[in-house]
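Working notes, beginning with the structure itself.
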Amino acid sequence: QMSNGSSITQFLLLAFADTRELQLLHFWLFLGIYLAALLGNGLIITAIAWDNHLHTPMYFFLLNLSLLDLGSISSIVPKSMANSLWEKRAISYPGCAAQVFCFLFFIVGEYCLLTVMAYDRYVAICNPLHYGTLLGSSACAKMAAAAWGSGFINAVLHTANTFSIPLCQGNAVDQFFCEIPQILKLSCSDSYLREVGLLVVSLSVALGCFVFIVLSYLQIFRAVLRIPSEQGRHKAFSMCLPHLAVVSLFASTAMVAYLNPPSISSPSLDLVVTVLYSVVPPAVNPLIYSMRNQELKDTL
């Protein structure tokens, strides 16, 4: 929809399929994943809020992770489902900006929170005697607030920057939701370089977090392997493995989504990879966390 030759009033999102049967299949598939995410995260939030035994730093961070998961999947999946159901592709300009903002807010917040959770596991296993002092309730609240705040600042900067760039390459976004790299492809001039600069800064921060998580785990594994009893080692591993699994899922799919070379890239592959990093983790995280966790299972 191009009015006055330049100003865009809406964007066209990538449709998952061109036949009605496949569109409906996509709708039902996404509905299933979305309901699983709502149910799983909802149960975890309720269990942790309800049970006083679970009012510990680890579960406090897990509660925040579930809230961020619900936010990130809710900012992209319902719109995509609605478009498939009603055979539409359009998203309004403000809707697109809101989607970019919300998705970034929740996904960056989640990544920062996973970094904080790595620190929590590190202190629990490598400095157990100082756990109470290093992770008191005010420290935990500050760390969680820092994660949410980082997501918010990131989202404000990127959204403001991306949507201030003049766009003149049409209005079709090559993705099932509004994603910054795809919107930048529609820009007219070199003005998108500023946003690319911001993305580079964000990616270096993300890399820093990733390195921090990896180093924390190297320390944790060294400490765990020094535990004399097998039962102790097993307990320590089961405390850490869910978090490690979630981080691996998140980091590997996001890396493939953003760093795959254009030579092997194809629209259908890109679509699958994006679904893997944006839609699958929020539905799978509650499962990963509750499978190995007896306390959580008992409460549920």
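Glycine residues also receive a Cβ, built from the backbone N, Cα and C atoms like all the rest.
Record features (TrEMBL):
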- 40-289: domain 'G-protein coupled receptors family 1 profile' (DOMAIN)
- 27-50: transmembrane segment (TRANSMEM)
- 57-77: transmembrane segment (TRANSMEM)
- 97-119: transmembrane segment (TRANSMEM)
- 196-218: transmembrane segment (TRANSMEM)
- 239-259: transmembrane segment (TRANSMEM)
- 271-289: transmembrane segment (TRANSMEM)
Original post:
Under 8 Å, at least 3 Cβ pairs, sequence separation 6 or more: does that hold for the transmembrane segment (239-259) versus the transmembrane segment (27-50)?
Top reply: no
Original post:
Relative to the transmembrane segment (57-77), which of 27-50, 97-119, 271-289 accounts for the most Cβ pairs at distances under 8 Å?
Top reply: 97-119
Subject >> Of 97-119, 196-218, 271-289, whichever stretch has the most CB pairs under 8 A to the transmembrane segment (27-50) >> reply: 271-289
Original post:
Under 8 Å, at least three CB pairs between the transmembrane segment (196-218) and the transmembrane segment (271-289) (pairs 6 or more apart)?
Top reply: no
Original post:
Residues of the same chain, at least six outside the transmembrane segment (271-289), with any C-beta under 8 angstroms of its C-beta?
Top reply: 14, 16, 30, 33-34, 36-37, 40-41, 43-44, 62, 65-66, 69-70, 72-73, 76-77, 103, 107, 175-177, 179, 242, 245-246, 249-250, 253-254, 256-257, 260, 296
